[in-house]
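Notes follow the structure.
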Amino acid sequence: MGDVEKGKKVFVQKCAQCHTVENGGKHKVGPNLWGLFGRKTGQAPGFSYTDANKSKGIVWBEZTLMEYLENPKKYIPGTKMIFAGIKKKGERADLIAYLKSATS
């Protein structure tokens with residue numbers, strides 16, 4: 001498992017421009033991530049997803065996020081997430097640790 005504090009820095013640098021994490025937070029370019037773990041792709045209430053996200057049908061957990069965050073467009077072809085991904089596994093683990101603590 002990753003380091004929550006390092007993960008928060010990764011989130012601020014690479015994710016916060018498009019995503020919020022707090023309960024009741026607004027959608028930005030990307031959906032609010034509150035309740036992410038255990039939720040199916042394309043299911044954040046009130047966010048307009050692509051058909052690709054809605055039909056992917058996986059449940060977000062450490063394993064699926066680890067793969068998705070490495071290369072989002074490869075994992076969900078047709079996603080509108082315009083982010084190249086995080087190549088370093090340790091950095092992804094830190095981000096996932098932060099997301100797990102911040103979104104539930």
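Glycine residues also receive a Cβ, built from the backbone N, Cα and C atoms like all the rest.
Note that the coordinates shown come from a computational prediction; the quantities given were computed from them, not determined experimentally.
Over in Swiss-Prot, the protein carries these features:
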type	residues	note
BINDING	Cys15, Cys18, His19, Met81	heme c binding site
MOD_RES	Gly2	N-acetylglycine
Check: same-chain CB within 8 A of heme c site center, minus Cys15, Cys18, His19, Met81: Lys14, Ala16, Gln17, Lys28, Val29, Gly30, Leu33, Phe83
Cα-Cα distance, maximum over Cys15, Cys18, His19, Met81, record's heme c binders, Å: 11
Met81 (heme c binding site) and the residue listed as 'N-acetylglycine', distance between Cα atoms, whole Å: 23
Cys18 (heme c binding site), number of other Cβ atoms within 10 Å: 14
Protein Cβ atoms within 10 Å of the residue listed as 'N-acetylglycine', excluding its own: 21
